[in-house]
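Student: This is the structure, below, for whatever I ask next.
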């Protein structure tokens, strides 16, 4: 047989096996998840009184964990720190309970080894980066049990963890929990010592709580009346898992419906032919699914009869539709629709992009998609917004793989575009279409840049997710420029997966990609996704059927790639990667045009053109090259800021070129008065359309737009105060530059400049007259807003909580300003002499008889050396700031914080590299570009202006 026949044969066998467990009389179900140390440890704790003695009921499970402790004292699981912590905590509790076991005299020593491991691991644990089910309840519960044995730990996030624990407890309605099934039954072991397990026997289903061995074990431990049903369930699971190793249990069993629905929906989504998969078997599955859906009145849970969830319900409804046993989505919508997204179930900590992607996919398969148009648009908006606001890839709370979210989001969003192309869903806006297109291309860009040399993206299941994503997004016309490379990548991924498909190796720890209390793998899922990835058509849909996306230029990405590809920083990057950045940049253009200007319409005139089309590339490419991509929203905020800086700076330059000292003194006073008034910028005065705005009105409008930015409102007063101060110093420094230029014109260029030293001038006036420093501090406020929004507290905190950190950040800003000033001067020498703008090489340190720089080449070389020095000082400063911030927020978060702030620095560094490339005035470089000498042609008669010539040298974000 060929590969296609083999794929269908594997799919057929998989579904027949699962269906047999579903319909065979007497079957208690099936589950192919790997056994877990965590759940096995809970079962090992179960004891009961027999003949007046306390006896452990499942001693064989304790023997298993006893024999599988690792050399460092831990039980590692998938190798992640959090799984090692949770596993080891549970096993340490079990060890302490079994310390009196005379047959294992080294238990105390093993317990000390586990304790030593935890003492170190808990100190390294970053709670804010943790995504495990109920970890904020489970870890405190286990720590409290250890307290009873005299074992305690101190660690940096101890108080934060217990505050989360107390907050969650305070929200629980115990009477409601005891009354009926809820998702909390899945993790009730976390409430040992809090919950009254005697009030829960009626919630048992087939001897278990939501198919969870750990909760069932906790119930047996704490209920005062022994329940034979629960004991029988645990014994049965141990028996089922005997082939996996001696006396273990998984995190979930049975998983019959979960495995059927997830496996079959994946096979359908990726074009497996149901006619080749035993149609009678599939029909029996459909009838059983419909039976349970009817019993649940249109919704169902992970296990029928338990808490309803949107994930299970949505996929079941979709399958019934494609298996010709349709059921209405009405009850599903009523149960799960929330104001801005669909919830998975009650009590969830946060919304899930994968759940909403599944809901969207399901509604798009309804017989009449337009009936649910408002819900479809709502979910699509939510999913697109998640991608819009996320840096890099989107991770989800149900799967550790960064590609799982990409797979489900791409399937749903591309099908949305397909349906829209058929004339459905007419209320979808052009803005949403644009955001969907950007989201999809973000996925493909990140995946292409992350493939490993062997063709994989991690384990086989993760590689399957990535390949399926590529197949879906390849349906978009936006991929045309990189389609050849895309197909090569897909072929290399298939070459990696095909031998694995035939070999069927046993699962390894790295295959545990599914998130529960610890991670786990599921054999049927690995098979289903592997078969799906090798079968999916490439592209999933004909690109001509995705016909309603806003058109984008097919030439601009090539121009951007060719122009910026000349820079040393980009030369090593392959052509496809530079083109990918070009496509991302081109997609951002309409988004920038949609944002209202932060300046006056009259001020904006003449400020548009090719330069603004180049701007997104200058933000996307450097960040991506460093492996620190920012969110689309963050990039847009930066671009809007640059546009506002450019327009404001341009207007002031052009209108102040003939200003007298008296004019400048008057404007300085107005600026100081404006920023000294605490009421300033709380409201904005209207300016009649029939006159040009005054200088102070332009400055006020610009400052107002930043200080009242909607994504900076939750920044602390200290951080916003720093932004306010930076804006004031920038405009005052601009006036000081104008005053210097007046003196320069009066004195003449041939006279030696007397006064402030070059060092002091570049570090005070020169650095302050750099718009990029405003951008850095504005990014600080955006970050502060994000931090305080996540905290959900009215007590707003500073991004940098200590005087040392604040000083270090301001030092980075100063070095950045000085670097920008020097770089601007280095690349503007000819322009500044022609226009009589003060430049670094006009200072006596460069022109004096003993300066050692008596030639233009020597002066430029000296200035280049200083520019390199300050650029390195900026890099070193940011790196040191990361190190000092790490103890406060954790290593990953510290790095993420600084990456957000550094975006504008990378943008300016690119300008510096452009200047070094041309070694001439940037405006001359732009003239070359417009003539086509650098391989970039004119488009529609407009030149590709890369910067502007100004009176005082403040060229937008670069300066």
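Each residue, glycine too, has its Cβ placed from N, Cα and C.
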Student: From the ranges 639-643, 644-648, 649-653, 654-658, grab the one Swiss-Prot calls motif 'DDXXD motif'.
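Tutor: Going through 639-643, 644-648, 649-653, 654-658 one by one, Swiss-Prot gives motif 'DDXXD motif' for 649-653.
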Student: At the Cα level, what's the spacing in Å between residue 824 (Mg(2+) 3 binding site) and residue 649 (active site, for class I diterpene synthase activity), rounded?
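Tutor: One finds 15 Å between the Cα atoms of these residues.
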Student: Which of the listed recorded positions (311, 649, 653) has the least company, meaning the fewest other Cβ atoms within 10 Å of its Cβ?
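Tutor: Sparsest of the recorded positions 311, 649, 653 by Cβ contacts within 10 Å: 653.
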Student: With DSSP, how much of the motif 'DDXXD motif' (649-653) is helix, how much strand and how much coil, in residues?
Tutor: 5 helix, 0 strand, 0 coil
Student: Other than its own, how many Cβ atoms are within 10 Å of the Cβ belonging to residue 824 (Mg(2+) 3 binding site)?
Tutor: 29
Student: Between residue 311 (active site, for class II diterpene cyclase activity) and residue 649 (active site, for class I diterpene synthase activity), what C-alpha distance do you get in Å?
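Tutor: It is 52 Å, counting Cα to Cα.
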